[in-house]
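Novice: These came from TrEMBL, pasted as-is:
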DOMAIN    1-360  domain 'FMN hydroxy acid dehydrogenase'
BINDING   TYR27, TYR132, ARG167, HIS255  glyoxylate binding site
BINDING   PRO80, THR81, GLY82, SER109, GLN130, THR158, LYS231, SER253, ARG258, GLY309, ARG310  FMN binding site
ACT_SITE  HIS255  active site, proton acceptor
Amino acid sequence: MENNLPVNVREYQELAKKALSKMHYDYINGGAEDEHTLRDNIAAYGRILLRPRVLVDVSNIDMSTSLLGYNMPSPIIVAPTGSHKVANPEGEVATAKAAASCNSLMVLSFSSNCRIEEVAASCDAIRFYQLYVFKKRAVSATLVRRAESSGFKAIVLTVDNPMLGRRERDIRNKMVAPDKPNLEGLISLENLDTTDGSQLAKYVRDTMDPSLSWKDVEWLKSITSLPILVKGILTAEDARKAVEAGAAGVIVSNHGGRQLDYAPATISVLEEVVKAVAGAVPVLVDGGIQRGTDVLKALALGARAVMVGRPVMYGLAARGEAGAKHVIEMLNRELELAMTLCGCRSVAEITRDRVQTEGDRMRSLL
């Protein structure tokens, strides 16, 4: 073991900042416009307090749960984030190996710098595939078929991206769109002129479909037998629509604060979505999770599992596969400790009464 390993996610973030160029660190860490939502994703967890129960026999803690019938040793999942070779030359293969060594489910981004088949062959694990619906539907259909034949178990459809959010760090840095080998032969990535800033923004304008609607979820269901989780839901209304459209799961997400600035922090709307779904499908949440206590708060507010994106990228940037693995292990250990100190012996015991939200505090004053 190396000396002086980071002891938390924030220390990994500092190491990642030192390891990466400004352009690449800003790409991973930045958000849209004023970055209010980016900051609030984290700050909102700080406004939720825990209500521990004491004198409970916590000699055995069981963090296991299941999602779509797949057993998981903990509710922490690796979120789909693009372009892992920005963080480390081994890219998504290193992340996949790190997740597999922790028995953690990973969602592979369509923006992966490693081919779908290469990631699938690198190690044995349960993986989901994240997808956008392109202007050329055949591109999306081809990616789905490749994910199916590579053994991916579900499709995560990201729906909050009809256009790219205004990521001013990327514009200022003239961010170069990293290679997307999964799109070779499907979409031309030539002629991405960046005189007005981010190459990434131009690429999204050229390829993504702003006419995307709920009927496209039905189209996706018609071309695959894999379950579809809809990622990018922030309201009760859309949560109900997702269930009606046949989604197998709903992911409360604001794209890590990278799309619409001043959208709500995800943890602040999780309970609204959970109530709207009313148990019909599992609800997941991502954005702002940096501690095991954050995971416990999300589970108490009704999440089946949480997805962690940037922290894994920080680990990957700082120490490669070993760093990504260590971040997942750290968060799992922190969750186990938080459960122990809250008197929760299993995820089923992480109930709503274990947290106090801002809303709870205001109601108690009335």
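If you go along the chain as it appears here, the first residue is 1 and each next one adds 1.
The backbone N, Cα and C atoms fix where each Cβ goes, glycine too.
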Novice: With a 10 Å radius around each C-beta, find which of these binding-site residues (PRO80, GLY82) has the fewest other C-beta atoms nearby.
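Specialist: Among the binding-site residues PRO80, GLY82, the lowest count of other Cβ atoms within 10 Å belongs to GLY82.
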Novice: So what sits near ARG258 (FMN binding site) in its own chain, CB-to-CB under 8 Å and at least six residues off in sequence?
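Specialist: Once residues fewer than 6 apart are set aside, ARG258 (FMN binding site) is near GLY30, GLY31, ALA32, LEU38, GLY165, ARG167.
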Novice: Just give me the nearest neighbour of TYR27 (glyoxylate binding site) among the binding-site residues PRO80, GLN130, LYS231, ARG310, Cα to Cα.
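Specialist: For TYR27 (glyoxylate binding site), the spatially nearest of the binding-site residues is ARG310.
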Novice: Non-local Cβ contacts of ARG310 (FMN binding site) (under 8 Å, 6 or more apart, same chain)?
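Specialist: GLN13, ILE28, ASN29, THR81, GLY256 - these are the non-local Cβ neighbours of ARG310 (FMN binding site), listed in sequence order.
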Novice: Around LYS231 (FMN binding site), which residues of its chain at least 6 apart sit with Cβ under 8 Å of its Cβ?
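Specialist: The answer is PRO80, GLN130, VAL156, LEU157, THR158, VAL159, ASP160, ILE251, SER253, ASP286.
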Novice: Sort out the sequence-distant neighbours of TYR132 (glyoxylate binding site) for me: same chain, 6+ apart, CB within less than 8 Å of its CB, listed by position.
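Specialist: Result: PHE110, SER140, LEU157, THR158, ASN161, MET208.
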